[in-house]
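Feature annotations, reproduced from TrEMBL:
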type	residues	note
BINDING	K525	ATP binding site
DOMAIN	21-142	domain 'Bulb-type lectin'
DOMAIN	336-417	domain 'Apple'
DOMAIN	497-782	domain 'Protein kinase'
SIGNAL	1-20	signal peptide
TRANSMEM	434-457	transmembrane segment
Amino acid sequence: MGALTLTLVIVFSIFRISFAMDTIALNQLLRDGEILTSAGGSFELGFFRPDNSNRRYLGMWYKKVSIRTVVWVANRETPLTDSSGVLKVTDHGTLAVLNGTNTILWSSNSSRSARNPTAQILESGNLVMKDGNDDNPENFLWQSFDYPCNTLLLGMKLGRNTVTGLDRYLSAWKSADDPSKGDFTYRLDPSGYPQLILRKGSAVTFRFGPWNGVRFSGFPELGPNPIYTYEFVFNEKEMYFRYELVNSSVVSRLVLNPDGSKQRVNWIDRTNGWILHSSAPKDDSDSYALCGVYGICNINRSPKCECMKGFVPKFQNDWDMADWSNGCVRSTPLDCQNGEGFVKFSGVKLPDTRNSWFNRSMGLMECAAVCLSNCSCTAYTNLDIRDGGSGCLLWFGDLIDITEFNEYGQEIYVRMAASELESGSNLKGKKRKWVIVGSVSSVVSMLVSLFLTLYLLKTKRQRKKGTMRYNLEVGHKEDAELRLFDFATVSKATSDFSFHNKLGGGGFGLVYKGILQEGQEIAVKRLSKDSSQGLDELKNEVIYIAKLQHRNLVRLLGCCIHDEEKMLIYEYMSNKSLDSFIFDKTRSMELDWNKRFLIINGIARGLLYLHQDSRLRIIHRDLKAGNILLDEEMTPKISDFGIARSFGGNETEANTKRVVGTYGYMSPEYAIDGLYSTKSDVFSFGVLVLEIVSGKRNRGFSHPDHSLNLLGHAWTLYMEGRSMELIDSSVGDIQNLSQVLRLINVGLLCVQCSPDDRPSMSSVVLMLSSDGALPQPKEPGFFTGREAKSSSGNQGPFSGNGVTITMLDGR
């Protein structure tokens, strides 16, 4: 009996000792009440119950801290209701938490198996799954550091692996007694130039600003100190932020609290408690976008918000009532003309960088030149402030969430109209010369628009008398950019509109090539005489295109009206339209991947100009391959503005009873409900991207295995990880496959069913010019295909691009 007792004591002791160590072997159990302890005694792993709760969780906490402080929880969403829980290493090389009925409440995930799977709690507080004694972190099957909860520990990465898509971020507890996910998250946002952002749900509450080489620009407290150092890594494979302790004896942690505050706290044995080292947000000035766009916040000033130099409150009455949310507007709008420059603002938290672009090798002067050359660029600064500054960071669109600091702020150079530089702002010590540049083309277009209006009124009166005569005898000035051609000149240039000079069909008419007497080649759009849309299209093109100047928009040279003839004269594009290349088996081989990418990028920039940078926000409404013209260098130019519409002020969406466009390119909300916005053009652009990549038309696409259209086919391949199968076989060797796959991803983001899910064109341009992580697209609009008489691959270069008009009932 004594021997049996001794044996039981020895066995029990061995059992208890095994869990005084730091590992669990295959099929071994850690029961509720038993503890794993890291080798150096810093952390413990076991089951626990929060105060004021009857639920139990598997968690990790500090061993040497007298107040139990949980830093990681496994089954935070699936708690136990009793003490029957166990932790087990499974045959599949995973960890699993089971209840008394052997139901798995939580398990780790791993795509690899192991001969001898082992779980170990490391001295860093990282719970890892590994194969036997393989301690190489690169070979870990799984680790808790990849799945943090509310606490960032020493050495833990906060950020993304852009190769695998792993996103490590903090999520607050719901309450002090409930470790399930709460409302707040703290993560590294990859959009534009990465920055740390606090969110409540999807709403940003605080932004730490971009990394400037020393600290995040919006959090001066993050600077050098004797306790810890920070590291920010951003390369083609990953982007992350982490900290290392200078003094290893210090116990320090970063925690996201249930109320949304992010705190750095240090443990003090002498006082037996945690003391606050830093916290964010600190006060109202840290509230995201408190002062709206182009507003600057300073908590020490009254009122807290003021507009940047060169800006005024958008709504003065709201501003007087301390409602600054609508921000400020420019005193003088930008027009992208000569004389524009920059005003330097010092000591500020840099604006939101989610619509930004960066280059690490540029200097500040080159950065300024690049910004000035791009009409969409609104500000620039150095990417890194160390050693006098280096790198380039550009902003596109409105600047928002700017705070003025007493110290440790940064400099930013904000674009201003020439008139705002009248006082003689200094940029890099050189006095800028300012000029006011008038746009002759805008004046001419206004006169032409006025003339056409009077002319149409005269025509309307003549129609009442049963006549249809047009008499126009107007000369033109030599310096006018828009020319009024007489009919004889156009007829002679096109050899009396001969069949041999016919280029194809455009919206509401035919297009001819012509050569003027001085040798200039032109393209003449001869509007259909019996089209009720003819005059409307003429007016649209004259009003819109005459005001637009961009290398990716076709240039309107002039117009001609003679009796019943209505014609528009454009610059001649020697390579005709894009559809004559990508949908033709022979000519498509002339477009290698590099050319296709440049075409896509050019279309995107042209569309961005229409949506954001032109004087009017213009919706094209008929963006398609047939309306993309190519010059001799294959530069794409958007054409045919006959059914375009413009928005003014704060308009973002409009409704029409007459849906005009091309099936296969129209967004669902426009084709079905007549709603159009910039996101309608984004949908059309997404269709174009997928057509350029695949060499197939969306409308009329057919596949032997399914009845999906091109969008549905691309989506299916993407979800199955087979996007490479979408690529046009005529492209040939592709040196940058990741770029092609990225373009497919961007295309699918643009054709998502809901317009709210689609990116803006400014975001698209940034996606095309950077290599940051992209979101996963949702299901496209118009997912299923329609029956077609022939496959897209067999269609001629100009087929399938007709314009369809559908009348909708008012709603």
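Using N, Cα and C of the backbone, Cβ positions are placed for all residues, glycine too.
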**Report entry** For the domain 'Bulb-type lectin' (21-142), residues assigned helix / strand / coil by DSSP
**Finding:** 3 helix, 48 strand, 71 coil
Query raised in the report: When the pLDDT values for the domain 'Protein kinase' (497-782) are averaged, what is the result?
Result: 85
Report summary line: The number of other Cβ atoms within 10 Å of the Cβ of K525 (ATP binding site), counted over all protein chains shown, is 26
Report task. With DSSP as the yardstick, break the domain 'Apple' (336-417) down into helix, strand and coil residue counts. Result -> 13 helix, 36 strand, 33 coil
